[in-house]
Amino acid sequence: MPVKQLQWIVYASLLAALTAVGAYIPIPIGPVPIVLQNLFVLLAGLLLGGRWGFTSIGIYLLVGAVGMPVFTGGKGGVAHFIGPTGGYLIGFALCAFVTGWISEKASGRTSYDILAVIAGSLLVYVCGVPWLKAVTDMSWNKAVVAGMLPFLMGDALKAALAVILARAIRPVLHRQLEAVSA
């Protein structure tokens, strides 16, 4: 296996692990505790690009599906994919891909990174809220109120932090990858 590919696998695995750790870190803001899980989903996309960001979150989801307690609240198992949060979990993988794809196309421009995290974050809700509605038989209004509105402010802050962190980390990451290529 080429060293550069191995390095990408290590980075993808690291961000998968950080996503799992983020699920354990609650921030008690308002009535609904916020976790850092989706901060790392966004960082996976911004730092690794679409393909490897998707791979990273795919690893995270696979580890959770086989029962490892990596989901919010220290839970795991395939049942979480068919429960109320299943759409959000699938949305994480799509979020990492879209965030990474947009960011890659922009060659590191801040405005595109901002657009990328907004698009990726919205995609999580586009997948999660309808799934929540379908599984719980809530009305659309209740699903939006329960599954989106309480999280918007926290997600906006995490999206901003993801852009700031990615802009600081990305040059170091690229230097390491270039050193392997040389």
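Keep in mind that glycine also has a Cβ here, set from the backbone N, Cα and C atoms.
According to TrEMBL, the transmembrane segment annotation covers 6-27, 39-61, 81-102, 114-132, 144-166.
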* Residues from the same chain, set at least six apart from the ends of the transmembrane segment (81-102), whose C-beta lies under 8 A from its own -> 19, 37-38, 41-42, 44-46, 48-54, 56-58, 60-61, 64-65, 71-72, 112, 115-117, 119-121, 123-132, 135-136, 147
* For the transmembrane segment (144-166), distant same-chain residues with Cβ under 8 A (at least six beyond the ends) -> 27, 29-32, 34, 36, 38-39, 42-43, 46-47, 84, 88, 103, 110, 113-114, 117-118, 121, 125, 128-129, 132-133, 138
